[in-house]
Amino acid sequence: MRRFFYRHSRGVTEVVVGSGLQYGDYVERPVVLAEEGLRPPIPGAPTLALRGGEEVKSLEVLTKVYGFLKEVGADRSTTLVAVGGGALLDLATFAAGTYMRGIRLVHIPTTLLAMVDAALGGKGAVDWGPVKNLIGVFYQPAAILCDLSWLGTLPERVYRSAFAEVVKYGLALDGDFYSWVRENAKALLARDGGALEYAVYRSLQLKAGVVEVDEFEERGVRQVLNVGHTVGHAVERVLGLLHGEAVAVGMVAELRLSSELGYLRESHVAEAAEVLSSLGLPTSVKATEQQLAEAAALVKFDKKRRGGHIYIPLVVRPGRWILEKIAVEEVEKAVRYVLRQGG
């Protein structure tokens, strides 16, 4: 088992990574939100089962959660325990941050992607109509409990897709960790407990370091977490890839863009593509001409756009990055780097 703490505006969050964690050691007066089908994590605790996926982040479901909390007598001494994937953790964060102006929150992510991404950061949101994450809060959990035993039944494709975020942390923030991931790809795919524990632990350490410096996205430092996501989001929406698969494709496109701008050696682009492939991730995708056009057009609506430019975090060498102002047209070209015409 590994653990660390990070500081933020609300105090300190404890992060624990291991197998067979005893959740009762970390919560008092627990009330649980859990995805349907998961085993009850805390026997005897009031539990509301919810469907997973983006649909859970609605005002209708949020109202249901508020009603549940009121019904079971939740107050400022209650701990809301969120058990599930990233979407449910987002909803729970918003609910905990707004119910009675804030109650204690503990995250128990049950997918690898949620462990290395959504569980840490303090972002909570619900969608409004077709607009994702329109209504949100920053609200840090008191504890994040990454119990690797949840991953045993995770489908292979879903499991592999999370490694795009792990590679991202190494590429952008820690060259030594990037090398470690490259050397341990086989162990990670084999779900080796020791390798997986370190990968999750180090990924969260690196993300926590960013959050400590730029908790509320006011200093630009948190932009590094968007490496691969500018192109990735466009590809994800048009082609229906899993989030991690789209981020992998987006990383290759943005690394190539960095190389064309003279920041990154071409050999680093090729190496990163090999690392992603070794983890079972795509580095390019077949697309029709219409899909190519749709994905290229979508980057124009990126939230980081300012006028005719988009501010994109670019890797300049493993472990180092810069925030660069890129013409929208250049980003559209980057989309075409990784979408092969066909189909």
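Glycine is no exception: its Cβ is also placed from the backbone N, Cα and C atoms.
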Per Swiss-Prot, member of H229, H268 binding Zn(2+) alongside E165, H243
H229
H229, H243: which of these binding-site residues has the sparsest Cβ neighbourhood within 10 Å?
H243
Specify the secondary structure state of E165 (Zn(2+) binding site) as given by DSSP, simplified to three classes.
helix
For K132 (NAD(+) binding site) and H243 (Zn(2+) binding site), determine the Cα separation and express it in whole Å.
15
Whole-number Å value for how far H243 (Zn(2+) binding site) lies from D90 (NAD(+) binding site) (Cα to Cα)
16
CB within-chain contacts under 8 A for G86 (NAD(+) binding site), separation at least 6:
P109, T111, L113, A114, D117, A118, A119
